[in-house]
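Annotated features, as they stand in TrEMBL:
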REGION    1-62  region 'Disordered'
COMPBIAS  1-11  compositional bias 'Basic and acidic residues'
DOMAIN    67-453  domain 'Major facilitator superfamily (MFS) profile'
TRANSMEM  68-86  transmembrane segment
TRANSMEM  98-121  transmembrane segment
TRANSMEM  133-152  transmembrane segment
TRANSMEM  158-179  transmembrane segment
TRANSMEM  191-213  transmembrane segment
TRANSMEM  219-241  transmembrane segment
TRANSMEM  272-294  transmembrane segment
TRANSMEM  306-324  transmembrane segment
TRANSMEM  336-357  transmembrane segment
TRANSMEM  363-382  transmembrane segment
TRANSMEM  394-417  transmembrane segment
TRANSMEM  429-449  transmembrane segment
């Protein structure tokens, strides 16, 4: 197994697996605890002055520490590419004369590609390093984005979105793995909170950018904008992100990947954290798959107005991630996951109730969903950190598998909602799917808390 020869990784494994797996175990107190607190404080404060510093300016355990804004940028590629195209989906439907269900594949198969790509990207980066995989992925994303702008048919567009998803997944997958390379489990959750707080700008800005480009130029401009973003991330990776994976896995094969995935799935904590991540994100993707239809056919608002309202969700997500960054080390992962899961269920139920009693208004949809965004900010960074900390020596594989399950769940729920809404005069099918996903996510959160007492 990778990392057996790396004392730093062995130290992390011995110290943090009992916290994660053994009921009743408490964090160390006294001198060691004070030392960890001081190291955590110094790391938490370090990114701000080094936000634009070159990769060699800071180190952690001998690894180059990339600037936090670089991690935010590369991690934003997939969320941006998912959300920026949503306001253009009705226009793409009209341009190609395709059905709404077919156009949904522009979103859902992109998600499938991101999911499948993460399962490959994580183990490949464990073997060859994070940096070369990032560079290759952003080249693929940039080229496919530019080609999609000239797609002659809906089939070609969908195929290029699949390629785009495989290339774009490197940022969000390896951004998490890089954080786990540099920090222990609780510190990683806190740092992921800061990274995803900045990352929340992507879904905040993306629908607005997409709506403006769609109204004034057309859907092709959206793909050209994505190509420019991919090129910028390629340059950022080249200039600012050094290699952080110093303990490479000795071999890479499908049997090795399958063994690592089996090892992860055999761990009950990994399954629970991943279920929490996948179902919480799945409820959001159900909203993402249905919101354009609801906005155009029920709320009767245009793409740019939709983009402005959608920004409330991203603001909520940023708030939730800020709370995570500030409170995770004090309260622990399981507490914030449970709080967030309750909040997501209540927010979804509130939106559903407002529509059911006759308030099909933008505020009745987007204000409760902004609260759900806060909930996601509490759940996702903590669940992700818990999942990739079960086996730190294969953090890349864990990040890839967790992300794949998360995105695959989202693709299923997005497609399901798109199908259920065809011919519907109400948003209730979307809310039922979201409510079911949130309820099961809450059950997983309770199981996580029970396992840690």
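Cβ from N, Cα, C; glycine included.
Between the transmembrane segment (336-357) and the stretches 133-152, 158-179, 272-294, 306-324, the greatest number of Cβ pairs separated by less than 8 Å involves 272-294. Same-chain residues lying 6+ beyond the ends of the transmembrane segment (363-382) with a Cβ under 8 Å from its Cβ atoms: 189, 192-193, 196-197, 200, 276-277, 280-281, 283-284, 287, 291, 294, 299, 309-310, 312-325, 328, 333-334, 336-337, 339-344, 346-348, 350-351, 354-355, 427, 441, 445.
For the transmembrane segment (272-294), the residues of the chain that approach it from at least six positions outside its boundaries are 82-83, 86-87, 89-90, 100, 104, 107-108, 111, 306, 310, 337, 340-341, 344, 348, 365, 369, 372, 375-376, 379-380, 383-384, 386-387, 390, 401-402, 405-418, 421, 427, 429-430, 433-434, 437-438, 440-441, 444-445, 447-448, 451, judged by C-beta separation under 8 angstroms.
Note on the transmembrane segment (68-86): residues 47-48, 50-52, 92, 106-107, 110-111, 114, 134, 138, 141, 145, 164-165, 168-172, 174-176, 178-179, 194-196, 198-199, 201-203, 205-207, 209-210, 219, 222, 225-226, 229-230, 232-233, 236-237, 240-241, 288, 291-292, 306, 310 of its chain, located 6 or more positions outside it, place their CB under 8 angstroms from a CB of the stretch. Proximity of distant same-chain residues to the transmembrane segment (394-417), defined by a Cβ-Cβ separation under 8 Å and at least 6 residues beyond the stretch ends, is recorded for 1-3, 104, 107-109, 111-112, 114-116, 118-126, 130, 169, 172-174, 176-177, 180-181, 245, 249, 257, 260-261, 263-265, 270, 273-274, 277-279, 281-290, 384, 387-388, 429-430, 433, 437. Averaged across the domain 'Major facilitator superfamily (MFS) profile' (67-453), pLDDT for the predicted model comes to 84. Proximity of distant same-chain residues to the transmembrane segment (133-152), defined by a Cβ-Cβ separation under 8 Å and at least 6 residues beyond the stretch ends, is recorded for 74, 77, 81, 117, 121, 124-125, 160-161, 163-164, 166-171, 174, 220-221, 223-224, 226-227, 230-231, 233-234, 237-238, 241.
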